[in-house]
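Undergrad: Here it is: the structure, laid out below.
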Amino acid sequence: MLPLPTRSSLRPDAGAHRRFGALFCLGLVGVIAASASAVAGGGLPAPLAELHPALVLALVSIQPAVFLGVAVAVGLVAAPRVGLKSRVRELADGDGGAWAGFRSELRPALGLGGIAGVALLLAGWLVGPAGSVSGEGATVRSVLAAVPLRFLYGGITEELLLRWGLMSALAAIGRRMTGGARGELTSGVAWAAILASAVLFGFGHLPTAVTLYGSLTPSVVAFVVLGNSLGGVAYGWLYWRHSLEAAMVGHAATHVVFVAVSLALVAA
């Protein structure tokens, strides 16, 4: 006969709420930045436009916050099963070595993220649609206004959604299907999860592409999906070989390149 569960075995992990809260609050900063950008940009439905801006901000933030919460929860379950790490999670557990681990990851994260940024810009110049790399219509103010969205939502929240939530789940499913050991991730499963999440990361940028290019022609779709997938592969590799926060730093480093080049083009 199987033993009946005891009250202590049914009690939630004492640190679960702390881990969830730390990662969720980190990502929520990006959600608020994205929502504030959407509100400031106008174009809201008439009923929302008549409400107080603070209330509009809260309403616009609800859906992405729910998605973020789901991704954080999924990652907390899936990531440990395949040996994927988060330094914030470790800090929430009181791991004193988390900061040292993070510092050791900064150089490869900054380097790979910067290389990805340069590669994406070169691809835009060489084969991208017209206007892929151009300062036309931009101002210093508009470039700087997008910085919070780029770094907080792009660098932090997107990594929680795509790497911590989605990639971790795909890796855990792949490990289960291939019969891998708990806490370990084979190269084949890791690369499958990296590529799948990277492609979805690329497709996730199509709505922004409509704003940039006006329409989604086949060439625009191919460029946006493949280009952003390249970045997604770099960030996924950083997550696999280092940590979630290394992926965040790499993503942010890519945007540093984008912002620097945008400012240079505007000033030219």
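Using N, Cα and C of the backbone, Cβ positions are placed for all residues, glycine too.
For 20-42, 54-79, 109-131, 151-173, 185-204, 216-240, 247-267, the entry in TrEMBL reads transmembrane segment. Per TrEMBL, domain 'CAAX prenyl protease 2/Lysostaphin resistance protein A-like' is recorded for 144-255.
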Undergrad: Who are the chain neighbours of the transmembrane segment (20-42) in space, where the CB to CB distance is under 8 Å and they lie at least 6 residues beyond its ends?
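TA: For the transmembrane segment (20-42), the nonlocal Cβ contacts are 49, 53, 56-57, 60-61, 64-65, 68-69, 71-73, 75-76, 86, 88-89, 91-92, 145-146, 148-149, 152-158, 160-161, 164.
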Undergrad: When you check the transmembrane segment (185-204) against the transmembrane segment (109-131), do you get at least 3 Cβ pairs under 8 Å, counting only pairs 6 or more apart in sequence?
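TA: Contact between the transmembrane segment (185-204) and the transmembrane segment (109-131): absent.
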Undergrad: With a Cβ cut-off under 8 Å, give me the same-chain residues at least six positions beyond the ends of the transmembrane segment (109-131) that come close to it.
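TA: Here the qualifying positions are 212-213, 217, 219-220, 223, 227, 230-231, 234-235, 237-238, 242, 246-247, 249-258, 261.
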